[in-house]
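Quick notes on the structure that follows.
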Ligand code: NAD
Ligand code: LMR
């Protein structure tokens, strides 16, 4: 029997990530090729015409799984009945703006969209925040949608995770699918800690530690980490636009693994509400290694953390604590 359609909200859908993401969702990349979807697309009034153009293209592409499209500038209409919400819309930093100015714009957006989701989304709606500052936007959304379970509110660090896999694969000249269990700890920012201490490579002789195969601590402690931390900036420099296809693809990976589960023996990185695991302060949205099963994520416990890693976990937590304080100061 055909499955009931799942309603997926994409905010900022007229933007460049939105343009890459909605066809992926309509093709089944996010929820599976047997899962019909109804797309809800939200943008702001100045982008209404462009949003309508995206809707026309979705109709023209005749995606068999796409059972309906809602394209609107009304947050209530956009949020009504959605099972999954991918929050890509936000206010970008413009020339001359201070960090606090950008934060205050985004805090206002995420506060009001939290209320719309809380009142109108389906029960148990899963939320993924992509728009920057992703971790802190997700935290504000959580604060202002208290009836949405905190486990349902996450942010995207899967792009950073995938970037780390990509760097190891290029370095070793091996298929990226043979590398697994890297970790992104912390913030989706340049303080994030891309960690390969527990990563493995599938070889003809079984699973081997990436650290042992790379056998170059200088690269692992230096260029590898900075390349992943700075990759977003490198893409902006090259494209004069921020990453879009990789962000959209990683957003699909995040939701797919969350809903359908991670493969046995594999973890992924997700920005989730900290419960104090690994002595990360509780009450931050922080990226951890997680496994997913039955639509639920669980932080991987018990990984040994060496002194160097400890410092890096704490540094990115400090930045998130500061961002949280800044965000709260914008609320008053
Ligand atoms: P973009 O400027 O092309 O698109 C953003 C869209 O959001 C625009 O269409 C804009 O009109 C819309 N928007 C603005 N305010 C809105 C609101 N209140 N409600 C709904 N829509 C609104 O930007 P983009 O390249 O698509 O990037 C989107 C965001 O994702 C940015 O914040 C970017 O920094 C972030 N990003 C995050 C990651 C990640 O890994 N977490 C990766 C890449 C980009
Ligand atoms: C990315 O990681 O590609 C983006 O978050 C960069 C940005 O600032 O939009």
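Cβ coordinates come from backbone N, Cα and C, glycine included.
Within 34, 43, the residue that TrEMBL lists together with 12, 13, 14, 15, 16, 17, 18, 106, 130, 131, 132 for binding NAD(+) is 43. Set side by side, the binding-site residues 16, 106, 132 differ in how many other CB atoms lie within 10 angstroms of their CB, and the most is found at 106. Residues of the domain 'Lactate/malate dehydrogenase N-terminal' (6-153) grouped by DSSP class, helix first, strand second and coil last, total 69 helix, 28 strand, 51 coil.
Note on proximity: among 93, 99, 132, 163, the binding-site residues of the record, the Cα nearest residue 12 (NAD(+) binding site) is that of 132. Of the candidate recorded positions, 99, 132, 163, 188, the one lying closest to residue 106 (NAD(+) binding site) when CA atoms are compared is 132. Cα of residue 18 (NAD(+) binding site) to Cα of residue 132 (substrate binding site): a span of 14 Å. With respect to ligand 2, the binding-site residues 16, 132, 163 contribute 132 as residues with a C-beta closer than 6 angstroms to one of its atoms, given in sequence order.
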